[in-house]
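Enquirer: Let me begin by handing over the structure; questions about it come next.
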Amino acid sequence: MFARGTVSRSLLREASASASFKRFASTKAFGGQSLRETLKEVIPAKQEQLKKLKAEHSQTVVGDIKVENIIGGMRGLKSMLWEASVLDPNEGIRFHGLSIPDCQKVLPPAPNGKEIIAESMLWLLLTGQVPTPEQTRQLSAELAEKGNLPKSVEDLVDSLPQSLHPMTQLGIGVSALNHDSQFQAAYEKGMKKSEYWTHTLEDCLTLIAKLPALAARIYRNVYKPGTALPALDKDLDLVGNYTQLLGYGDNHNLTEYLRLYIALHGDHEGGNASAHTAHLVGSTLSDPFLAYSAALFALAGPLHGLANQEVLRWQLAMQKEIGDNITHENIKEYLWKTLNSGQVVPGYGHGVLRNPDPRFIALQEFCQTRPELKESPIIQLVNKTFEVAPDVLKEHGKTKNPYPNVDATSGCVLYHYGLTEFKYYTVIFGVSRALGALTQLVWARALGLPLERPKSVSMDVLEKLVKA
């Protein structure tokens with residue numbers, strides 16, 4: 001389950017951090033308290049101050065917003081313009097008004113497939129219009145033409161340690177592509193604001209085109225060093241090439257799954273951490289390569305893009321414990337064991353949604369059309385968990401949404417098809433999320449949206465405001 005040496009490296013890091021804390025914890029030789037000793041005294045008082053604010057004033061309105069919005073991660077606060085998609089708590093995501101089933105009906109697939117492809121979703125996100133098959137093919141050809149990496153980026157990625165997390169490598173590679181940014185070059189020469197969006201668009205298309213080659217090179221270097229990478233096929237769509245570069249080009253069902261996965265993960269409105277990060281950094285007029293590299297590092301967080309690998313680990317642990325006798329009662333017992341240990345059930349709940357995630361439903365429907373997935377033990381376990389978990393979580397009473405999100409199944413399908421390297425899953429997510437995040441950069445420049453600059457307050461100031 002874990003890469004060789006992961007555990008030992010983790011223990012070494014913990015030991016090193018502990019030794020460092022002990023070594024520098026006291027400065028008695030120099031007189032007075034150390035920085036760490038001082039913080040250990042100061043932090044509890046601040047924690048208590050925040051706890052009191054939450055308990056006594058979470059619903060108090062300061063200006064036009066509640067205290068809970070200020071101290072609660074701005075959750076639910078409407079303060080951002082995002083054109084391509086809107087997330088409704090009950091309906092789920094809509095792309096320019098189209099639901100996921102709508103998109104599955106009208107967006108052109110690849111010539112040899114049935115699922116939505118990245119190019120048709122990108123066209124919809126950028127224009128608000130459904131492309132024709134001819135327009136989709138034309139965009140596929142353009143992206144394939146632009147898909148090769150510069151030699152300097154290949155050399156940079158190849159020089160990175162094999163042990164460096166794939167998401168770190170992806171962020172480094174994306175930021176290095178800014179060497180050839182059209183937006184940056186035009187800005188330095190001096191261009192009109194009305195031209196910002198055109199140069200932004202060119203950078204965005206270039207980045208989307210190169211992501212499969214970059215992501216596949218990282219996969220090869222980390223997991224299959226020495227394996228030759230095939231050349232890009234100018235007749236394939238973006239994900240067709242990506243799957244081929246990963247070494248799974250002969251697996252049509254996995255290719256179709258990744259087409260659907262990448263299209264559905266392409267955008268989920270602007271409030272999520274990665275999309276918001278791209279928008280924030282882009283508002284400074286950083287070019288799309290820099291803005292999206294920042295977004296990738298947000299996506300790499302355990303509370304965001306790492307979720308599907310955590311689901312898979314949890315499902316595999318449950319599978320190991322209950323064995324082949326998979327019953328609703330066994331699953332229910334394991335769910336309660338997880339909850340009673342103070343952990344959450346991975347893949348269930350969502351910051352906005354209050355019903356089952358339509359993306360989860362779409363991926364489950366995909367599984368039902370493939371005999372090998374219907375018979376897969378891990379997919380069967382996902383299905384049976386879905387039949388039990390909502391009632392258990394309702395009884396537990398500590399989640400606003402007891403239903404599955406897309407992560408409840410997405411990584412499990414990859415695992416079934418042989419793509420078992422957990423740490424790499426978020427890289428695939430990163431290839432996908434570029435569709436929506438980069439679309440927003442184009443529209444932010446076209447609409448002349450300003451630098452994002454919210455106002456912050458300290459807890460002392462907040463206490464004074466609530467008293468007033």
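Glycine is treated like the rest: Cβ placed from N, Cα and C.
Just lifted these from TrEMBL, have a look:
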type	residues	note
ACT_SITE	His304	active site
ACT_SITE	His350	active site
ACT_SITE	Asp407	active site
Enquirer: Take the Cβ of His350 (active site) and count every other Cβ within 10 Å, whichever protein chain it belongs to.
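Expert: A count of 23.
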Enquirer: Cα-Cα, whole number of Å: His304 (active site) versus Asp407 (active site)?
Expert: 10
Enquirer: Which ones in the same chain are close to Asp407 (active site), with CB under 8 Å and 6+ residues apart in sequence?
Expert: Ala307, Asn308, Glu310, Val311, Pro346, Gly347
Enquirer: Around the Cβ of His304 (active site), how many other Cβ atoms lie within 10 Å? Please give the count over every shown protein chain.
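Expert: If we count other Cβ atoms within 10 Å of His304 (active site), we arrive at 16.
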